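Heads up, the thing below is written out as structure tokens.
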Ligand SMILES: *Cc1c(COP(=O)(O)O)cnc(C)c1O
């Protein structure tokens, strides 16, 4: 859970504010969901794993539950399933990775849909459970291979607990889609041997590159729902980044020409500079590898981050701007710097930057 203002009782701690906040645009999220569902031709099973890709599980789950295009919410681990179930949004929650045997009855009682890949798992489900058969069509991560999947699915159907079946594409975000088509063909062959059910396969890459797929009842676009797509798929849909990340200026001072800034003295001021220190660092998920490449937006202007990014702070050139402690700067957002750029500066990918955002950052929804 994001660090938030302690609530309540007499003598409670004063309301110390977070130094950074991740704002989720509800309208951007809802527009993205409508566009993706339209392209897939089916409702969405929206992935909200990893704190909704860093946006905040509660914030995103509540906003998404207002969308007519969202059937349910997908999570990676049982704790996330429990957190979504506790919100009582009236939307199914689907767990995507195997629970332990001890967790199965608890999840079933919560109404969480359980992934099943073996006959032993199928037999062990309580009678009120609802299962989604997991078929491994080539990712080789989880699931029953097609030859075994049919028997597992039939047993689940006999027991009256089979609600859905799914597979996961390994290369759908690449230009060459031959293996994705092969995976889908294998999945269809399994489905042909089973009674009608709620089938789902496409992640974001699948939805964008393949569109509607025959026989599917749901699609699971994750990163695309939050507004990011691989570069070769830009323009397929008008998706918008959902998150704006802001951080607070904590100190402003002058640095003289020839002085260095931050650890290691990597950066030397070429002239007298006005420098703002900002309360966000690599402990919050701002990539340390973006050192000497990163920029942020201050009062609408793109300004460089100076010297090493620290654990809890970084410094920015605000020369010529009348910046004060307490003011918010934009680390990324729809207007200027986007997460793809930050990921490139940090030698990583959007998924890792977003999901790496730490618990000290507040999460909130904005219109
Ligand atoms: C994470 C995940 C998704 C979403 O993937 P994106 O690449 O973010 O669209 C879909 N299905 C499964 C099983 C996943 O683990």
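Glycine too: its Cβ is placed from the backbone N, Cα and C atoms.
Annotated in TrEMBL:
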ACT_SITE  49  active site, proton acceptor
ACT_SITE  263  active site, proton acceptor
BINDING   141, 311  substrate binding site
DOMAIN    242-366  domain 'Alanine racemase C-terminal'
MOD_RES   49  N6-(pyridoxal phosphate)lysine
Legend entry - the domain 'Alanine racemase C-terminal' (242-366): DSSP-derived helix, strand, coil residue counts: 22 helix, 47 strand, 56 coil
Inset, instruction - Based on DSSP, name the secondary structure state of residue 49 (active site, proton acceptor): helix, strand or coil. - result: helix
Inset, instruction - State which of the following recorded positions has the fewest other Cβ atoms within 10 Å around its Cβ: 49, 141. - result: 141
Inset, instruction - Specify the count of other C-beta atoms within 10 Å of the C-beta of residue 263 (active site, proton acceptor). - result: 12
Legend entry - Local confidence of the prediction over the domain 'Alanine racemase C-terminal' (242-366), expressed as mean pLDDT: 98
Inset, instruction - Quick one: give me the count of other CB atoms within 10 A of the CB of residue 311 (substrate binding site). - result: 12
Inset, instruction - Check the Cα-Cα distances from residue 49 (active site, proton acceptor) to the recorded positions 141, 263, 311 and tell me which is shortest. - result: 141
Inset, instruction - Give me the Cα-Cα distance between residue 311 (substrate binding site) and residue 263 (active site, proton acceptor), rounded to a whole Å. - result: 11
